[in-house]
């Protein structure tokens with residue numbers, strides 16, 4: 001009964017602030033035959049619904065639950081309008097859902113649209129999400145290498161971009177070891193400078209968290225500088241973003257590195273207390289120093305005991 005009444009007004013309900021939820025529920029819980037019939041109502045309107053605030057939710061739900069042949073027919077209607085959807089506040093969610101729920105070979109026309117546009121899209125508020133979905137769900141070697149090559153070609157710029165930094169962080173967290181290493185290699189040499197930038201500092205933290213021990217060592221060396229006079233660490237500790245990177249270093253490095261860094265920091269503790277951001281480090285260091293001293297004491301007791 002309910003279905004009969006709703007079906008007549010299905011299209012209008014899809015773009016209604018409340019009605020869209022009822023249609024979504026039918027996609028979720030309706031009979032297979034009802035679901036197929038309801039999907040039929042979408043045909044011819046997929047693009048306009050994808051770009052509409054409530055319609056885009058209905059389209060996303062349909063992409064999740066309808067039969068594969070209907071999913072494929074639906075998204076075919078977006079062909080030629082992919083970039084428009086990606087850059088749209090509603091449409092981008094539909095494109096993300098296509099990448100998540102439809103087999104790769106059926107959405108090649110979507111993914112291939114991004115080739116040579118990866119960097120541009122990565123620096124876009126919605127595009128950066130779409131590129132992250134591609135990295136997660138597209139396993140095709142050709143796609144992966146094309147997308148990664150474009151990202152690696154502009155790593156420094158992307159790391160410093162307000163949206164691009166999320167794409168670089170995503171690769172550091174979920175990418176293959178050689179991709180992670182390529183990014184870290186590209187950023188090494190600018191670690192100190194990047195640590196003092198709002199967006200890039202988050203990328204440096206991810207490098208420290210996910211890099212190998214050898215890569216972390218290179219970054220630590222860079223922060224410690226070559227001489228006492230040339231000590232970037234001090235500048236980083238006073239910096240509103242850099243101080244978080246120093247905290248991340250203390251969290252991720254091995255005991256030997258930590259002792260070395262703490263001994264360098266101790267010298268500056270009093271001076272640091274004057275700086276707003278230095279205070280975060282002081283609190284952190286005092287905790288670590290106390291813990292370190294307790295460890296040393298325990299070790300020396302053991303030595304004396306033996």
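Placement of Cβ uses the backbone N, Cα and C atoms for every residue, glycine included.
TrEMBL annotations:
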{"type": "DOMAIN", "residues": "1-289", "note": "domain 'PUM-HD'"}
{"type": "REPEAT", "residues": "5-40", "note": "repeat 'Pumilio'"}
{"type": "REPEAT", "residues": "41-76", "note": "repeat 'Pumilio'"}
{"type": "REPEAT", "residues": "77-112", "note": "repeat 'Pumilio'"}
{"type": "REPEAT", "residues": "113-149", "note": "repeat 'Pumilio'"}
{"type": "REPEAT", "residues": "150-185", "note": "repeat 'Pumilio'"}
{"type": "REPEAT", "residues": "186-221", "note": "repeat 'Pumilio'"}
{"type": "REPEAT", "residues": "222-263", "note": "repeat 'Pumilio'"}
Take the repeat 'Pumilio' (150-185) and find every residue of the same chain, 6 or more past its ends, with a Cβ under 8 Å from one of its Cβ atoms.
115-116, 118-119, 122-125, 127-128, 131-132, 135-136, 194, 197-200, 202-203, 206-207, 209-212, 215, 218-219
Taking all residues of the repeat 'Pumilio' (222-263) together, what is their mean pLDDT?
84
